[in-house]
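If you check TrEMBL, you get these features:
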DOMAIN    6-212  domain 'Cytidylate kinase'
BINDING   Gly10, Pro11, Ala12, Gly13, Ala14, Gly15, Lys16, Ser17, Thr18  ATP binding site
Amino acid sequence: MEPIKIAIDGPAGAGKSTIAQELAKRLKYTYIDTGAMYRGITYEVIKRGIDINDQTAIIELAKKININFVKGDLYIDDVLIKSEIRSNDVSQRVSYIARIPEIREIMVNAQRKIAINQNVVMDGRDIGTNVLVDAQLKLFLTATVEERSRRRYQELKEKSVITSLKEIEEDIKKRDKMDEERSCAPLVMAKDAIKIDTTEKTIEEIIQQIIYLLGERIN
Ligand code: CDP
Ligand code: CDP
């Protein structure tokens, strides 16, 4: 039987990774956080002191390093990468790197390879439109920018990351704009995706809705 693919896209803070992760756990599918891959390469660029505008050096680095998921954890050249990819430094730079076509090609090839022989829930910006165009279920999660910023602020506060609501809202707005306006695989809803506004919904309500939609498609 062909593996099942669930594609979840949407802007920052819409609830993609929380929902995708929990859904994968319940369905016993593999969860792939593609944003973590773009964050991972950005983290390496910063760590190695590479100029964010030096696209040649960034592409060379992406070809050289090995980004991999093992049991849901991200590894770069066999080193486990955790919360360091969620820092403000990474968040502020990631969309500059994610708009480079050669970087996207490397990431997309790796993402498609993972989905060849297992059931996956994959979240990102271009999963339904580009990475897994034949996914059996495509979802596009949204929420107001105020709600998304509030959620992210709350999340970082709980992890004792020093930041402000204003700073987060500015970062999210800027990233959304760059992701939506880039020429290569921009953030846009796939024609065959189902839109879910998460603003006033609980995580459990959304998961139940998705499980219902999946049942309609694969049973
Ligand atoms: O968690 P959050 O929504 O803040 O972002 P993320 O999913 O970790 O993604 C970080 C950034 O990576 C996004 O703002 C995009 O610039 C980029 N990204 C992308 O271009 N394509 C994807 N499939 C996933 C992420
Ligand atoms: O992956 P993405 O950036 O789309 O969002 P996320 O990191 O999954 O969600 C951001 C925060 O919002 C998390 O702390 C979630 O627990 C929270 N959230 C929520 O409170 N209510 C929802 N309906 C969805 C997410």
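Note: Cβ is positioned from N, Cα and C throughout, glycine not excepted.
Curation plays no part in TrEMBL annotations; they are all automatic predictions.
Worth saying up front: this structure is predicted, and the values here are computed from it rather than measured.
Shown here: features listed in TrEMBL, placed on the structure.
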residue: Gly10; record: ATP binding site; Cβ within 10 Å: 26
residue: Ala12; record: ATP binding site; Cβ within 10 Å: 22
residue: Ala14; record: ATP binding site; Cβ within 10 Å: 24
residue: Lys16; record: ATP binding site; Cβ within 10 Å: 26
residue: Thr18; record: ATP binding site; Cβ within 10 Å: 18
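Taken together, the residues of the domain 'Cytidylate kinase' (6-212) have an average pLDDT of 95.
Of the chain residues outside the ATP site list Gly10, Pro11, Ala12, Gly13, Ala14, Gly15, Lys16, Ser17, Thr18, Ile19, Asp123, Leu141, Ala143, Arg148, Thr198 have their Cβ within 8 Å of the site's Cβ mean position. Among the binding-site residues Gly10, Ala14, Thr18, not one has its Cβ under 6 Å from an atom of ligand 1.
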